[in-house]
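Read through the structure below, which is laid out as structure tokens, and then see the notes.
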Ligand SMILES: [Zn+2]
């Protein structure tokens, strides 16, 4: 019944027209694969095209597919030596004496006042006179009050930008409106703000001892502010008295107002329970210099509330900027945090949803950049999803002439082009070249020198917009065909037996009705195709004219080809009946298959060949059960070796196997073929290699260990649905241009680079981000600022070629204090995570961790030395206000599985996290490194308000509590041992916690307010996040709880790694060493 072909290619050449004769007509019944001898190619793996072209080392592939520069052994921040502070001043400092040093010594007191004034100025309509406050850690109030008062002008930044947003933006028709000129530079840099953290006052404390518990540092009593002493905004702490402080959002720290006696003040031994002890010496995976150095005399336990709180920072920003309109008209403006709910209004700069930066003020010189060691990077999510209340990007069509560009640097027309000579010329903001305005584009200038059609043209007044691309931007100068989705299902024994194959087939019947489509169009034009495989591949002809689908088998996996062109990729709606028929039959056809071996690389190869033949780009959805062990190109073997952990060879576990997959990734990128891999393994699969094609083609990798339909089915289907339906572009090339003085030097993402400038992505979806690092190649001017233009050329879901442009203008500064005032912790962490995760491909993990700590200490020491008050005690830890929670994130990153050398961790899991993070945006890395922990036990089930998240520490849990924890990839419902039977009854319909079944993955649907409320919280989160999360229900002190505990990132790591408190102490000590 089954006709098996080998060397079909040769055969095909001779018999193309009779091909259908040797197809299998599926309606004739089941096919028992195992009964048929499948003749494998005897050639084995021979070096014939396309596999023969693998050239080790090409294009920096080995170095994690970076640009050629990436192949050098150490680069970026992972090779530089730490610059000691007693080094002579750098040239940059000498040029500008003010650069490194704060001009006037400003006390902490005055810093606080200034900070508040600045914040007030920024939002006078919202917070007319909030109380002065800043996070102050450890400084006794007395000494704070004794410090000199403010010395800098405090009103210089009041109301810098209160223009009404122009009505033109975000509306289909743009009308000029009365408004101030956009892009006006910020008038005055905000005054600096510091977060001091003092050393232990006790004489006997070890020198590098833990930072003091926060003695509140007082701000001036607020004018017209509510009385002090209101309950804290922060997390309700479980058992510790809450930190006192009024709920004034955005005031930089938890300690405004009068110091509450006895709470959060000086050390109060005995008051601080829980495991937050002093440093724990000898922990595995601890600090490079050895945590034992921290060990000294027994230390008193510290109040965790005294160190900067991420949840407080998040909450403060939400209060300050949440539910407001964020207009992008100001150069170098620091946007709201990624966690804050806001509405962005484009007024000349790209929304932070598309672009975020590590700092919005770049140092003017390379020396200054080197001095502070703050990485300069932008995280770009070019196709980011916009909320419903923000309008989609305008599409500009300049007809056959195409978009207007600078003749020299090829930057696209944007708000940074300056029109001169009555509108006949424009000067490029990037390279300063003066260009002629093409006649059709000519327009007169108004009295302000602005084109009179300024508000009618998105490319003149907006930060983000799209151009319709002309044929010049298309492959072979032909308009692209609509993209295709190919579903490739592993039908080997395990996948069939688990019920997965049936589940996929059933789901596709409904999912294919919801294929994504071009904005505004009625139906999807995406073509679909189907392949099943084990050791051989089965292609299906689902042409609409057929009564039954036809199967064609290709067993020669060494020389993969697609045996049919017509009828393989079809329009779903046209071929619906035949596809339904096929999806109904597939599970039955392989029901009795005993085949357990599979191929993998030939599957991807088949997909590329199919897209190539159809001359379209697209995506492969591969559902694979195990490591490919069948004799075929790309066959893998188990190379997991725990003995390599903690050695110089540990990096090999993360390096993909060279050869076949390397070439395959290039083929995929060249043909606009993206690969999404869904893995269902029961053991090691060499994920580093199997995921190498997806992670360089803009694809995603999903993994479901020991998949069971009952417990993992819904979780997988949610992922699949999200993945299939998400907005996506194909065959993309991204180019990042900058104004003179600096340039993009390195790129991180699910990308491929053939040269140093063009970021190639076979596909890019709404969740994929590229992190771009910048370096100086000259000095930058404070007047002109720094400009970034990201241009993404891609094919839309509807098959249109487009250019999406994002523009962003940054400040430049010769004052380090300005730089630290414009930093964004969440973006910094995104950059550090990606650069560290790439560095572990080349360097021992120990070195990478060491570099992370050194750079953290260096950045903070530089701030301490150059920007903090000269009068503050030398031993005080003072953190930049916008970086005050940087250490907790950095510590969490260092404890993340790729950076923890523990034999207890799965190599595949570590590899998966490493690769996933590479494509993440700032929002995703923020949540990953600081999970959200929601107390659910005392919320009002009838309220719409979500409970405020609490800090990720055991301290915050309670025996009678119930908490939901999620980090975008995992979700836990944690139940304290003492949970009340009423609570358990309401949620689980069980008499007590003891009756709870292990492995429960869903909450029963019960008709009571609490059950409904909790399920709605869970569902909202699942809806909101890019990935699905499996819900784990864990009981306090049950064995599975250990998995949950590793997400309590403020605590000591389960597999090594310090607690937040210990890390802060350690960093403080490092800083002090740097400063002496
Ligand atoms: Zn130019």
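Backbone N, Cα and C define each Cβ position, glycine as well.
Predicted automatically and left uncurated, TrEMBL annotations should be read as such.
Among the features that TrEMBL reports, region 'Disordered' is placed at 87-216, 265-305. Per TrEMBL, the feature compositional bias 'Low complexity' maps to 106-122, 132-143. Sequence annotations record features per position, and here TrEMBL assigns compositional bias 'Polar residues' to 144-158. Per TrEMBL, compositional bias 'Gly residues' is recorded for 265-288. Residues or ranges marked as domain 'Zinc finger Sec23/Sec24-type' in TrEMBL: 403-441. The domain 'Sec23/Sec24 trunk' annotation in TrEMBL covers 480-724. Annotated domain 'Sec23/Sec24 beta-sandwich' per TrEMBL: 729-813, in sequence order. Annotated domain 'Sec23/Sec24 helical' per TrEMBL: 825-925, in sequence order. As annotated by TrEMBL, domain 'Gelsolin-like' applies to 944-1017.
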Do at least three C-beta pairs under 8 angstroms join the domain 'Gelsolin-like' (944-1017) to the domain 'Sec23/Sec24 beta-sandwich' (729-813), pairs 6 or more apart in sequence?
no
Using Cβ atoms and a strict cutoff of less than 8 Å, what residues sit near the domain 'Zinc finger Sec23/Sec24-type' (403-441) while being 6 or more residues removed from its termini?
182-183, 348, 396, 449-451, 459-463, 467, 469, 737-740, 787, 789, 791, 803, 805, 807, 809
Take the domain 'Gelsolin-like' (944-1017) and count its residues per DSSP category (helix H/G/I, strand E/B, coil), listing them in that order.
23 helix, 12 strand, 39 coil
Sort the residues of the domain 'Zinc finger Sec23/Sec24-type' (403-441) into helix, strand and coil with DSSP and give the three counts.
6 helix, 11 strand, 22 coil
Mean of the pLDDT scores, which run from 0 to 100, over the domain 'Zinc finger Sec23/Sec24-type' (403-441):
97
